[in-house]
Amino acid sequence: VTISSLFILIRCPFNSFNIIFLCVLYIPTVRQPPMIFKESPQDYIVDPVDPIIVECEATGNPPPVFTWTRNGVYLNVARDPQVSMRWRSGTLEIFFWGRPNDYEGVYQCTATNEFGSALSSYINLRVSKARTWLKEYLEPVSVVVGLPLILPCNPPVGPPKPGTYWLNSTMAPIRQDRRVSKAENGDLYFSSIVAEDALTNYVCVARFPFTNTIQQKPPLILFVKCQVLCQICVLFYVYVARMAAHTAPKFLKPKGTASTTIAMLGEELIVECFAAGVPTPFIKWTKDWEEMSMTGKKLENFNKTLRIKNVSMDDGGDYICTASNRMGSLDHVITVRVKSVPFWVEKPESLVLSRDDSGSIVCRADGIPRPQIQWLVNGEPISDAPKSPGRQVSGDTLTFRAVVPDSAAVFQCNASNQYGYIMANAFLAVMGKISNQRVYRSKGGLGTLEGSRHRILPNGTLEIRNTKLQDQGSYVCVASNVIGRDEKEVQLEVKEPIKIVRAPHNTVVIRGSLARFDCKIKFDSTLDVTVTWLKDKKFLILGRRMTKDEDSLSIADVYRRDEGVYTCRVKSELEEVTASAKLTVMDRPDPPSDLEISDPSERSVRLTWVPGLSNHSPIKGTHIYINIDANKNNLSSYPGSLNSVILQLTPFVEYRFRVIAVNGIGPSKPSWPSEYYQTGGAVPDAIPRNIQGMGSGVFRNNMEISWEVMYC
């Protein structure tokens with residue numbers, strides 16, 4: 001048996017590093033557990049016209065045997081004439097006649113040989129369906145001109161989800177504009193009804209992409225009635241309005257003033273906003289109450305639909321839809337929370353060890369929320385499997401010590417959260433050693449190694465203590481037994497350690513500005529080095545705002561949620577070093593809250609409030625807006641240290657108060673207004689001035705008295 005050369009890379013920090021060479025002989029024909037390398041997607045929709053192909057391909061020596069389950073029950077392929085399995089493969093071919101739905105379900109493939117079993121992911125097989133609408137009579141819809149209307153479509157569910165559109169009586173598309181438009185679910189929205197809307201019927205049509213089938217809903221008849229000054233149009237049996245009262249905007253979808261939606265990382269997000277009103281409201285979008293960057297975003301459907309193709313962490317936040325016309329404006333806040341199915345940070349890799357060796361399989365995944373890690377061995381939970389000496393599970397790491405041939409198995413790592421899961425197989429193969437003698441020759445193969453820094457262990461392993469750069473070179477291991485003799489040459493390379501020469505520093509920035517963390521490194525150019533960034537010990541997902549270059553991480557348009565500890569992690573195949581720094585974001589203070597009125601009198605009242613967060617910039621002052629009779633505002637300023645003041649007021653006036661906090665960055669948003677406070681009546685503060693009296697000049701018994709007007 002000829003053993004090829006082996007290269008070993010060793011770093012050399014401070015010239016004090018021990019090297020251990022392990023010289024192992026093995027037979028080149030490797031027997032190993034199975035590994036699945038090809039399978040169908042987890043959500044698998046098939047066309048009922050074609051045969052169903054469910055893929056499962058695996059390697060292994062000896063070749064694995066394949067079995068399947070459907071909905072957790074063993075699938076006996078031999079007993080179903082419509083199902084076959086490809087030769088030396090686990091791929092299923094299903095030839096159905098007339099009843100494809102019988103083969104829907106959740107499939108899982110298992111590949112097994114004498115060393116263990118590998119599992120595929122669960123494959124949810126669904127047959128594409130072009131369902132028809134239930135035959136029903138749709139009652140005519142009657143609506144008053146000027147009012148909003150929603151015509152529901154409710155298309156068949158599929159799968160897959162069909163596309164929808166609306167046609168009129170002549171099978172031509174319904175004209176859509178700011179007043180009339182279709183939502184993503186197929187419903188047709190009218191911001192307000194006009195007389196012309198009754199001149200046609202309305203037909204919702206669904207198109208199924210897999211089968212290219214079109215299904216049609218029964219037509220819907222619309223009657224429009226007027227509010228005032230009506231005339232009857234006999235041909236269409238509708239009332240035609242000559243005028244419609246103007247109305248302020250009101251949201252049709254979503255309802256109310258606030259809602260929440262979940263966006264999946266890397267997927268598409270569609271946010272919609274439909275409003276009623278006369279005249280037709282204009283729709284405008286902002287994010288976090290500021291102008292919205294349109295990078296990666298698109299406004300469609302006359303600004304009623306906001307589409308984000310590839311959601312990133314930056315896309316979370318508050319999206320404000322503002323509907324406005326001449327009668328007023330209205331805001332709806334849509335809070336987008338970004339979540340994620342699990343994804344691999346470090347996918348588990350198979351491990352080949354010699355007998356009595358140690359090693360580990362690492363399975364690291366992340367997601368939002370953070371996924372739970374579950375280990376299986378040969379398809380069953382590791383906690384239920386027979387115990388194996390030296391095997392230990394610690395979270396995302398599976399550790400093996402002093403392995404034996406019986407330690408060989410296939411392990412599955414399943415990372416799951418409420419939004420999905422990922423699973424990967426990794427095997428442990430144990431190679432047996434042959435009894436032999438091992439001798440190490442010195443560099444270049446001349447003579448045997450001597451000296452206090454070199455030691456040959458009883459199992460033939462060579463240990464070099466306090467590694468130096470001059471130890472670099474080739475070493476030869478000579479192994480012999482009664483059968484024969486062989487040699488193995490080992491190339492030792494000693495590398496300089498990684499150094500972070502310019503580490504990140506704690507940084508304080510103002511919200512909306514640029515934050516930058518340096519991480520300049522020095523390393524051996526012959527090594528492959530990767531630089532990754534973490535935030536609060538979680539891997540940072542870079543996006544449009546967060547970018548990195550060779551020496552730094554930049555965060556544009558910093559938000560308060562960007563605060564945290566950022567870590568630069570530098571990793572090579574030999575070592576890993578880190579450096580961390582804290583980011584603090586200064587912002588305008590949060591608005592005060594819980595305004596409370598106490599100690600009332602005719603000319604004063606005490607106003608108390610709870611200060612908002614200062615956001616890392618001390619509150620310097622407080623402004624109190626005094627709203628008088630809903631049409632006049634007075635402003636009073638006080639030191640920022642106060643949270644309770646006595647306000648001087650005027651008798652018999654209705655007041656309302658708002659409080660604004662000010663720090664070095666700027667003023668907060670106003671607090672919610674206090675409750676209304678009405679001061680009581682009181683005697684005047686002063687007597688009239690410049691009183692004059694004089695006779696009228698006409699009547700002797702009359703006198704005219706005048707004085708200056710008194711103002712409050």
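Placed from the backbone N, Cα and C atoms, the Cβ positions cover glycine too.
Under the heading transmembrane segment, TrEMBL lists 6-27.
Taken from TrEMBL, the feature domain 'Ig-like' covers 28-128 (among others).
Here TrEMBL flags 249-337 (among others) as domain 'Ig-like'. According to DSSP, the domain 'Ig-like' (249-337) comprises 3 helix, 55 strand, 31 coil.
According to TrEMBL, the feature domain 'Ig-like' maps to 342-429 (among others).
Using DSSP to sort the residues of the domain 'Ig-like' (497-584) gives these counts of helix, strand and coil: 3 helix, 47 strand, 38 coil. The domain 'Ig-like' annotation in TrEMBL covers 497-584 (among others).
Taken from TrEMBL, the feature domain 'Fibronectin type-III' covers 591-682. Broken down by DSSP into helix, strand and coil, the domain 'Fibronectin type-III' (591-682) contains 0 helix, 49 strand, 43 coil.
When each of the listed stretches 28-128, 497-584, 591-682 is scored by C-beta pairs under 8 angstroms to the domain 'Ig-like' (249-337), 497-584 comes out highest. For the domain 'Ig-like' (28-128), the model gives a mean pLDDT of 90.
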